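Report on the following structure.
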2 protein chains.
Amino acid sequence: MLGMICVRACSALVGFRAPTCVRSLHSFPGITVAQIDEEVAKLLELKAQLGDDGKTQFVLKTPKGTRDYNPKQMAIREKVFNTIIRCFKRHGAETIDTPVFELKETLTGKYGEDSKLIYDLKDQGGELLSLRYDLTVPFARYLAMNKITNIKRYHIAKVYRRDNPAMTRGRYREFYQCDFDIAGQYDAMIPDAECLKIVHEILNELDLGDFRIKVNDRRILDGMFAVCGVPDDKFRTICSTVDKLDKMSWEDVKKEMVNEKGLSEEAADQIGEYVSMQGGMDLAERLLQDHKMSQSKQACAGLSDIKLLFKYLQLFHVTDKVVFDLSLARGLDYYTGVIYEAVLTQAGTVSAANEAQNDTNADESVSVGSVAGGGRYDGLVGMFDPKGRRVPCVGVSIGIERIFSIMEQKAEASPQKVRTTEVQIMVASAQKNLLEERLQLISELWNAGIKAELMYKKNPKLLSQLQYCEEAGIPLVAILGEQELKDGVVKLRVVATREEVDISRADLISEIKRRTEA
Amino acid sequence: MLGMICVRACSALVGFRAPTCVRSLHSFPGITVAQIDEEVAKLLELKAQLGDDGKTQFVLKTPKGTRDYNPKQMAIREKVFNTIIRCFKRHGAETIDTPVFELKETLTGKYGEDSKLIYDLKDQGGELLSLRYDLTVPFARYLAMNKITNIKRYHIAKVYRRDNPAMTRGRYREFYQCDFDIAGQYDAMIPDAECLKIVHEILNELDLGDFRIKVNDRRILDGMFAVCGVPDDKFRTICSTVDKLDKMSWEDVKKEMVNEKGLSEEAADQIGEYVSMQGGMDLAERLLQDHKMSQSKQACAGLSDIKLLFKYLQLFHVTDKVVFDLSLARGLDYYTGVIYEAVLTQAGTVSAANEAQNDTNADESVSVGSVAGGGRYDGLVGMFDPKGRRVPCVGVSIGIERIFSIMEQKAEASPQKVRTTEVQIMVASAQKNLLEERLQLISELWNAGIKAELMYKKNPKLLSQLQYCEEAGIPLVAILGEQELKDGVVKLRVVATREEVDISRADLISEIKRRTEA
């Protein structure tokens with residue numbers, strides 16, 4: 001058995017299935033030490049899973065980087081989704097859905113360096129397919145395919161990234177994105193401001209502690225690169241390096257720019273000055289006067305829009321949380337204008353305790369505490385349109401996995417138990433041989449819309465029925481006994497207080513509804 | 001361009017990528033005429049997609065067998081899901097979620113002949129993965145992995161089947177399943193009866209017309225095969241043939257049994273007699289007395305359980321829709337006891353008109369009109385448990401795609417428009433230069449939980465704002481003008497009646513809530 005698994009690990013390594021295990025190094029031209037280390041680790045992990053006896057037939061697990069959600073996690077997830085969906089609906093969004101996989105070519109050329117993280121499906125004869133990497137590219141494909149020029153939609157669904165960092169760093173390979181986007185040719189910054197208002201509303205309502213929303217503009221970044229002397233063909237790669245400022249010191253970022261990306265020290269230093277700037281509308285005004293920055297038309301357009309954005313955000317009363325931050329870059333290629341990212345500022349304790357499973361983002365830029373991000377992408381739909389017709393878009397993605405983790409932690413810390421069902425009443429019996437009577441009663445309750453359970457036993461003990469209610473948090477019990485059946489009543493028991501009253505069968509449903517109204 | 005695509009089609013055909021197009025037949029040993037026809041059809045389809053000029057850069061479509069859901073379809077889908085989830089919750093079910101892909105070996109050996117329809121992921125170095133084929137096997141894996149012996153859960157998610165029949169027959173490759181399952185060692189037929197009660201409730205509530213729920217038992221089928229003289233090793237394959245009785249005549253089924261599967265004519269005729277039987281509890285009683293059937297212990301156990309099931313269903317008042325039907329077989333290998341399937345009996349008109357996109361089932365047995373199915377599978381969890389511990393399970397899967405189609409058709413036929421948002425009010429202006437006032441007002445409304453929209457223009461025309469409301473079905477408009485701002489009021493307009501009243505800003509929110517309460 002170990003041999004077979006070993007062969008698989010080898011074949012995964014070299015890309016084909018061989019009938020033997022590790023052969024000489026000559027069989028693996030181009031293999032690196034790191035690759036060997038990785039494969040050895042995999043084999044050892046497999047060995048550990050096999051246990052001492054080596055008898056286990058197969059590995060009982062979910063694929064690497066994925067997880068199941070148990071009922072308690074689902075109850076929390078439902079609560080978070082409801083808050084987010086309520087907000088999206090409040091802002092008049094429709095919703096759409098797209099397939100979990102797209103034609104491979106639909107995703108090609110949209111994600112820059114991250115394209116290597118795309119999951120491909122096996123070529124089983126037919127189209128070449130890939131799992132979606134985000135919801136934005138499928139959205140753009142949907143708009144172009146259906147020739148839609150105006151829509152405000154949300155889309156909540158799972159996306160897939162074959163990210164290397166293991167579960168220990170908490171980066172999932174399958175995770176949810178909650179996207180809200182506005183497509184259409186509109187007056188500047190009005191939809192953009194609404195996206196930020198939405199982030200503000202959701203983070204407030206979820207009650208995750210204080211937060212900041214950083215904003216910047218790709219045109220300001222590009223203009224800044226231009227006036228600092230970055231060659232045109234290095235804009236994107238230098239932008240990727242700037243994007244690491246939330247995880248790396250400026251010194252390290254500078255080193256990467258100069259040593260790895262070949263930027264001049266002088267240019268790097270000039271960038272360093274700008275990316276340390278943070279402020280509000282005042283900073284945008286100051287930079288519009290800046291002798292260097294003002295030389296770039298692009299930067300000026302971006303700065304004017306930032307000013308306008310802040311004006312609208314003031315009317316929404318949300319500027320207390322918004323910072324214009326020149327170090328914000330964001331990884332994806334497709335942004336063309338305003339970009340933003342929300343970070344939790346009080347999440348230190350939570351994220352420290354929860355580091356192991358916590359810093360996944362439902363979004364491409366990973367920084368500890370980041371819970372939402374987005375921006376304007378006016379060129380993406382045109383990439384799909386045969387005639388290149390542009391549909392300007394702006395949107396935001398809520399990084400739900402991190403929010404789940406925080407909510408889960410909160411639930412753990414709270415004395416209140418998370419209920420995983422909404423059952424209002426248990427139909428129980430005090431004596432033997434009353435299964436038929438229980439079935440008849442519960443059927444009446446279900447038909448009246450009451451959420452009810454019974455134990456699937458002919459003769460359950462009353463005590464075990466009551467204990468089940470306490471464990472599951474069911475508030476009421478309808479107890480049937482011979483006397484009650486004779487009298488045409490049901491004994492209604494309140495689990496919390498142990499109070500019991502006889503209720504006539506005719507009044508039972510209204511009495512249950514009265515007592516369980518939220 | 002055509003050449004490249006041609007290469008891809010060829011490589012799909014022969015399983016590797018070759019740098020040339022169609023070569024001599026010697027290069028493709030074992031290729032059949034049908035395969036060649038299929039590939040030619042694929043190439044011609046690609047050619048058609050390229051159009052006359054051959055200039056299109058790529059094909060703008062969703063993968064074969066999949067589709068997007070537009071907002072209108074989503075609104076209908078949400079309604080159907082809500083009805084189903086409400087029912088599952090009424091019966092006290094928790095919910096779980098599992099990854100969209102599983103280790104390939106988790107799915108191996110669970111689906112019999114259908115295994116060829118499983119989507120595999122490309123081996124990109126790492127684990128071998130497959131997209132889930134149903135929700136039952138992942139559920140069993142989840143139970144074994146977490147050592148859960150008791151749970152009542154629902155799971156609504158997409159599953160994937162690389163089914164060959166094209167879109168013209170309406171079989172989707174990505175489709176939803178809505179599963180409800182009860183796992184645990186309980187007294188006979190109580191959970192099984194609840195599953196049927198659930199199907200009854202959901203189909204009633206969705207108001208899809210009349211329906212029948214056929215029930216049978218794998219043990220009765222196996223016992224029947226034994227007493228009719230089917231050799232043990234042919235049970236499963238003969239069972240698959242019986243399963244085709246909803247699509248094929250008895251004559252054709254018999255032919256397949258005798259000619260293809262090598263059954264004796266005599267055995268086939270005996271089976272033919274049994275599988276034409278339909279009835280209720282009485283039929284079960286009659287068969288328990290049947291001189292042949294009563295020789296099989298297995299069949300007797302199944303028949304006794306069918307009797308018990310009908311007794312419980314009588315208490316639930318659902319026997320009017322339930323038929324004990326000996327021709328029901330169901331395709332999957334893992335069933336061990338009771339099996340059932342619900343069919344719409346009045347769906348003739350709908351399904352005839354809708355044939356092209358309609359007969360997909362969220363479940364493996366495809367018969368025109370089938371909308372739910374399930375059964376007992378007591379052995380599946382044990383296949384995953386290292387010690388083979390059994391967890392008896394029974395469950396039902398609602399075939400949601402077909403239900404969507406019917407609901408969509410109904411919506412099309414209805415004069416009432418399907419709303420795709422829940423917006424209560426549009427914030428509009430009657431004059432120019434009131435964008436800031438509109439932004440301020442809508443922000444107040446959002447903060448008060450009102451669902452509100454505005455047009456993303458500085459100076460939209462009043463008429464276009466009102467027209468938008470009519471199209472989108474928004475019931476109210478808050479109109480701001482200079483006079484209204486001076487007076488501290490908002491002009492509230494009812495879109496349907498064109499009635500307008502001035503409302504003070506202080507009363508606006510309560511007035512909107514009052515007027516839009518459902």
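Each residue, glycine too, has its Cβ placed from N, Cα and C.
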Which of B:ARG161, B:ARG162 does TrEMBL put in the same L-histidine site as B:ASP134, B:LEU135, B:THR136, B:GLN177, B:ASP181, B:ARG330, B:TYR334, B:TYR335?
B:ARG161
Need the DSSP three-state call for B:THR136 (L-histidine binding site) to compare against my parser.
helix
Site extent for L-histidine (largest Cα pair distance over B:ASP134, B:LEU135, B:THR136, B:ARG161, B:GLN177, B:ASP181, B:ARG330, B:TYR334, B:TYR335, Å):
21
Which one is it: of the binding-site residues B:THR136, B:GLN177, which Cβ has the fewest other Cβ atoms within 10 Å in this structure?
B:GLN177
